Amino acid sequence: MSTSRTIICLLRNDLRLHDNEVFHWAQRNAEYIVPLYCFDPRHYLGSYNYNLPKTGPFRLRFLQESVRDLRNTLLKKGSTLLVRRGKPEDVVADLIKQLGSVSAVALHEEVASEERDVEKGVKDICAQMKVKVHTCWGSTLYHRDDLPFPHIARLPDVYTQFRKAVETQSRVRPLIPAPEQLRPVPPGLEEGAIPTAEDLGQKEPLSDPRSAFPCSGGESQALARLKHYFWDTDAVAKYKETRNGLIGVDYSTKFAPWLAMGCISPRYIYHQINQYERERTANQSTYWVIFELLWRDYFKFVGVKYGNRMFHIKGLQDKSVPWKMDMKLFSAWKEGRTGVPFVDANMRELAMTGFMSNRGRQNVASFLTKDLGLDWRMGAEWFEYLLMLNFMLVDHDVCSNYGNWLYSAGIGNDPRENRKFNMIKQGLDYDSNGDYVRQWVPELQGIRGADVHTPWTLSSAALSHAQVSLGETYPTPIVMAPEWSRHVNKKPSGAGPSARGKKGPSHTPKQHRDRGIDFYFSKSKNL
């Protein structure tokens with residue numbers, strides 16, 4: 001087969017048609033376009049330090065759905081998505097040989113070393129075969145070339161300095177329009193089947209009706225979620241007040257997993273926010289969505305600046321900490337058996353659904369690094385395996401995951417004092433009636449109200465009445481922090497509705513509405 005002016009569009013974390021420069025460039029420069037996604041076997045091996053699986057069942061299912069959705073979208077545009085199992089550099093080489101005269105391979109650049117190694121492999125193959133490689137930058141809100149710093153080495157090590165600089169000196173580029181019709185795929189190419197979970201050594205995950213993220217992968221689902229959250233419910237106008245919730249679908253945007261796989265463009269979210277502010281309302285909540293997209297940008301650019309230092313045990317500060325590598329403690333943490341109900345509820349939600357709230361993620365990270373003193377990379381690799389979403393409005397994106405764990409461990413950018421979250425205070429602040437804990441730790445359902453956060457303080461009679469036996473039906477705490485005792489006697493009454501309003505802690509209490517990123521800015525140790 002010889003097909004001139006054919007361009008292969010190698011897709012990775014850009015599984016969308018809207019605002020996609022790879023498609024836009026190929027459409028202008030090709031007679032035929034080959035959209036390609038590869039299920040890379042390296043993504044299903046063990047992690048670097050602790051040999052945990054890199055891709056877990058929830059993220060894999062979301063990826064499969066996203067690939068399937070993009071194929072359906074492309075079919076409606078006169079094209080399709082080729083799916084292959086194999087290393088992208090090998091698959092690209094095979095396609096170049098099969099097609100006979102490919103003029104170029106187009107792809108988006110990534111930041112982390114493993115992704116850049118793939119790019120290098122593709123470039124090396126294409127150089128040998130005399131095929132051009134066209135790379136684009138499209139994963140951030142602000143384009144890399146538009147940053148107000150003369151060189152990435154001048155990127156500030158403090159987020160606030162970065163944010164103020166880009167907000168005053170840079171602009172967000174306009175959206176790249178999606179083509180009405182795509183150039184066809186060359187005749188004779190097999191679409192290829194989307195591999196099953198079993199094909200990739202995984203088990204199909206079970207759906208849990210308690211999940212705060214009952215959503216599917218794909219561009220069409222991402223755009224529908226934005227329409228729902230912005231235009232159908234106006235939930236975005238209350239985002240800053242609700243984003244620290246724990247139960248329910250609409251307390252936060254839930255954009256993160258779609259951002260992670262590129263199913264929705266951060267620029268699209270930004271321009272939709274601008275339109276919403278013009279047509280509906282502009283307030284702190286609408287701005288906060290952009291604020292958190294900027295956090296996502298910041299971690300990407302920190303990854304560009306520091307490279308593999310993000311993965312080193314000493315972090316960006318080259319700071320030696322005597323981390324423990326106690327696998328017994330780690331197993332208790334990851335399985336939700338620490339004996340600290342607020343931690344266990346969050347870890348069980350993660351294990352059962354692949355999701356954990358922003359508030360929960362900050363707490364369990366602090367507990368692992370500050371209360372247990374375990375190597376922060378254990379947590380980062382466990383999150384990489386299971387988590388579809390990461391801190392704030394970010395996602396399992398390598399830079400976001402590791403950047404936030406470095407913060408939690410106190411060895412990232414701009415470390416302040418050695419702060420830690422107080423698990424009891426946090427539970428009482430954000431799950432005041434204990435509804436969230438009882439939802440995910442059913443063995444404690446017999447304990448009413450806020451007492452569920454500290455079962456070890458209850459009398460034998462109270463525990464017996466609740467059918468709880470510490471050390472048998474529920475663990476005793478594997479660690480006790482001295483600061484917890486200050487809040488044991490401050491628990492609200494166990495009777496009456498949750499302080500969050502509605503059912504469960506789906507709203508943030510007024511006194512805590514500005515605590516979304518206290519971990520990063522506040523010098524207070526009383527969190």
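Glycine is treated like the rest: Cβ placed from N, Cα and C.
Unlike curated entries, TrEMBL annotations are predicted automatically.
Here's what TrEMBL has on this protein:
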type	residues	note
BINDING	Tyr239, Glu292, Leu293, Leu294, Trp295, Arg296, Asp297, Tyr298, Phe299, Asp395, His396, Asp397	FAD binding site
COMPBIAS	500-513	compositional bias 'Basic residues'
DOMAIN	5-141	domain 'Photolyase/cryptochrome alpha/beta'
REGION	485-527	region 'Disordered'
SITE	Trp323	site 'Electron transfer via tryptophanyl radical'
SITE	Trp376	site 'Electron transfer via tryptophanyl radical'
SITE	Trp405	site 'Electron transfer via tryptophanyl radical'
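Everything TrEMBL records as a feature, shown here on the structure.
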residue: Tyr239; record: FAD binding site; contacts (Cβ under 8 Å, 6+ apart): Ser252, Thr253, Ser285, Thr286, Trp288, Val289
residue: Asp297; record: FAD binding site; contacts (Cβ under 8 Å, 6+ apart): Thr140, Leu141, Tyr142, Val166, Pro266
residue: Trp323; record: site 'Electron transfer via tryptophanyl radical'; contacts (Cβ under 8 Å, 6+ apart): Ile313, Gly373, Leu374, Asp375, Trp376
residue: Trp405; record: site 'Electron transfer via tryptophanyl radical'; contacts (Cβ under 8 Å, 6+ apart): Ala365, Thr369, Trp376, Arg377, Gly379, Ala380, Phe383, Gly412
Candidate with sparsest Cβ neighbourhood (10 Å radius) among Trp295, Phe299, Trp376, the listed recorded positions: Trp295
Model confidence over the domain 'Photolyase/cryptochrome alpha/beta' (5-141), averaged pLDDT: 95
Composition by DSSP (helix, strand, coil) of residues within the domain 'Photolyase/cryptochrome alpha/beta' (5-141): 61 helix, 32 strand, 44 coil
